[in-house]
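J.: Feature list, courtesy of TrEMBL:
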- 52-75: transmembrane segment (TRANSMEM)
- 130-155: transmembrane segment (TRANSMEM)
- 208-225: transmembrane segment (TRANSMEM)
- 209-385: domain 'Ferric oxidoreductase' (DOMAIN)
- 246-268: transmembrane segment (TRANSMEM)
- 339-363: transmembrane segment (TRANSMEM)
- 370-388: transmembrane segment (TRANSMEM)
- 560-823: domain 'Ferric reductase NAD binding' (DOMAIN)
- 563-583: transmembrane segment (TRANSMEM)
- 690-710: transmembrane segment (TRANSMEM)
- 722-741: transmembrane segment (TRANSMEM)
Amino acid sequence: MPSPRRVAITITAQCLCISQLYLYLGGSSRGRTQFRQLMNYVVPTENDDIKAGALVLVVFAIPLLVAGAACALLLTADPCGGDVDSTQTGDFRQVEDNSETETSALERSQHCNLLSIKCKRHRRTACKSILPTILDSPTLFSIAFVLIPCLVFYFSNMVRHYQSAVGDYPTFPNLNEADLEQHFNDIDIREQVSIWRRKMLQHIANDSAILALVAMAHLLVPISKHSPLVLLSRWSPVEAVVIHKWAGRLGIFGVVMHGTLHLIIAYWRWWNVFVRNDTLSHQETYSWIKRSFWYGYLPQRSCWRSVFFGSSFDESDNDSVDDRLGYACYHEKCTCYDFFLNLTGVIGMVALIVLGVASVGYVRRHHYRLFYLIHITAGPCFIIMATLHYNRTILYLCPSILYYASTTVPTYIQNWMERRSCDRGTRILSVTKISCPTLQRPNAAVWDIVFEASYKAVQQYRPGQSGYLHIPQISIVKHPFTLNKIPGCHDRLRLLIRETGTFTFQLGSCLNYSLERRNSTQLLTEQDMETQQLPYAVIPPMHITGFHGSYYRMQQLYSHDKVIIIAGGIGITPYLSLLLDVVHQQTSLTSSKDLKSLELHWICRDVSLVHYVEEHYFSEMLKYSRPYDEKPTFSLDIIMHHTGTHLSPSTNNTITICPESSSQYCAVTSPMIPCYFSLGINQHVSQNKFSFVVFTSIFSAGLWLVWLLFERVQSKDAMATRILPLFFISVLSIGLAIFFVDFSGENRICCKIPMSSSTEVDNYSTVTENDQTSSPQALVSYQEHSTGRPDLHNILLPLKDSRNPCVFVCGPKHLMESVRHAARCCCSDCVIYEEFFEL
């Protein structure tokens, strides 16, 4: 019997084939006719516009609904560990783990601790099958299933329109070839040829718009939070967003082509009007063309009144339109609908161009707040203008919008309701300042924020996952940071945040101000921390939500026999909980037989940070051991490379504070709880019913509303009613999300556990810590080197003798490039999992 995951893959592949078949065949004359004939069985009506709209929903919206619902229901989680099924393919091992993959549209910034994963495989032997290679690379997937099909559809449409327009080319049977050449400059002949050329150019412009709409039909799928299709693909957020980028580029190209060509057509038409009018002087010509442009895109006052108070823009409502609407209306009939068509098109095109410029790498990395604000303003502006501009726009965009509303809106509603119930946000237990001065910033620090988490949150957490930190007092933008478990605590998680960007610098200044106000500058002893005798300080409310990122880091690691982890500075954060879980599993009965060796090379200049991590994590790992008579099958080596300067303190210079007194702070805060709508976290299909119902109900109800409004309310020449589907989708998704959050029965209860009564329980109580009389063998070895930067070639050289090696690397960009170069030289068949802090 096939596994649920394989069933989900089969259903998704069939749905994908439907959309791809339409893109490859639907643009041609024959294919278009056949698809329209099929719609006769779906929508038995004589209205061609209704049939065309139904076809768009059948090939784009319904397959996405079926595929998303199947993935939401069938995708389950496998227990974390090294028992990963694998098959031999060619000369290398292809891992086929059925692990859970929790992905989202990770909002990325230039700040440190932003987790992104890219897996780059350097193999000696190419894979024999092309399809697995395409599915493994989001870039290849985007080219194969987004770029090429859309371009085929685009050019097929242009060829079809050209073939149909050839027969309409003006002919003059009364003139022979010589007379035609002689009279070609006549006004009438030239005007007929000009009209044909303008009509052909208009077909190309409209085909470009359809290209943009087709490319954007699934634009928001890769960036949706808790996306079931991204979960199925096992792509990381950064890998999935590649598809979003390619679709967005195609959309921008199509919209710009559409607007530019129509602008050329408009000036062409206005120029022909000028040629007919011989009374204008040269000075009046420039003024006439300029005024015609503005008159063509700015509706008159009477048109605005008809927008807000009239029911439609039919020609019958515009009988009073005269020359006051613009000079271009002298020889061609103009209506208010024409002017608003131009106005919405120009605004939408400008909004999309601004959004595209703001999405370039430099803006994303150096001005993330600007990038984010433009996205949340220009994006909806374009959607609204495009919906008003063309009556079928909502049919092309509704698959993407409904998918986003079904997966992301419930998450936002849950976070909003939690903020309402607990004004001060997540319950922060302690904030520790770790001084890490540099030459550029002598007062720089790393902040350790420990917060309370519910039991379910700790159970759902996977090593290396991130959470969003939102501090309204500092920024309206949420920022993702890596989360880590705290050894020995079942109800706490921690954030390690280094001051590297605008947001983190503001956070550090705010927390330093809290320290100064409470005079909490003294060092605390370990005894003070154990007895909870920490100074109180007023800190800004912090809202922490999660989880986001990869769910299958352990499966990636256990699919190799030799693993080397290289971390630079604060890049150690994605691997702290991972190493703890690895050590725990290797000392338990469920240890993996594949993983033989694991090396961690941490390159860090901050002595205080090194001492802090040693105390809280490495010291815990060193406690694990195996019985003396047990044959060693796994080893973990932790190797430190100090690269610090004389500015680094020689001792662990830390300051720890509590937010406020327990009685006051507990009443307005609550533990962090995970998202109710996370996917891939349950062990059985029956446990996915809630997520399935949420996704299916919002998507299907919204799709029914869109079709009902398009069929019965909207008309081809009416503009005011086109905004109704967007309005009802928003109301429907928000209303259903509020209902499902309440129905889940997991609403936060403030002050559920007093802050001072947090009980510490060893999460790794089942670890085999040898209590026998025989001498135990060390499972973890720790070494320190202070000789500067290591030679990466020497570090990666042992991978040559491994059957299936891999490298995990996280750190600055130059470290990534150096590791990549060294891996190509030392071990060309190793797998590189890159995790770097950039957009």
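In case you wondered, yes, glycine gets a Cβ from its N, Cα and C as well.
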J.: For the transmembrane segment (690-710) and the transmembrane segment (722-741), check the count of CB pairs under 8 Å (sequence separation 6 or more) and say whether it reaches 3 or more.
T.: yes
J.: Six or more residues out from either end of the transmembrane segment (52-75), which same-chain residues have a Cβ under 8 Å from its Cβ atoms?
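T.: Here the qualifying positions are 4-5, 7-8, 11-12, 15-16, 18-19, 21-22, 26, 35-36, 38-39, 42-43, 100, 214, 217-218, 221, 228-229, 231-232, 392, 395-396, 398-399, 402-403, 406-407, 679-680, 685, 688-689, 691-692, 695-696, 699-700, 703, 706-707, 710-711.
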J.: Looking at the transmembrane segment (246-268) and the transmembrane segment (130-155), are there 3+ C-beta pairs under 8 A, with each pair at least 6 apart in sequence?
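T.: Yes, the transmembrane segment (246-268) and the transmembrane segment (130-155) are in contact.
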J.: With Cβ-Cβ distances below 8 Å as the criterion, list the same-chain residues six or more beyond the ends of the transmembrane segment (130-155) that contact it, or say none.
T.: 16, 20, 22-24, 26-27, 89, 94, 119, 121, 207-208, 210-211, 214-215, 233, 235, 239-240, 242-243, 245-247, 250, 254
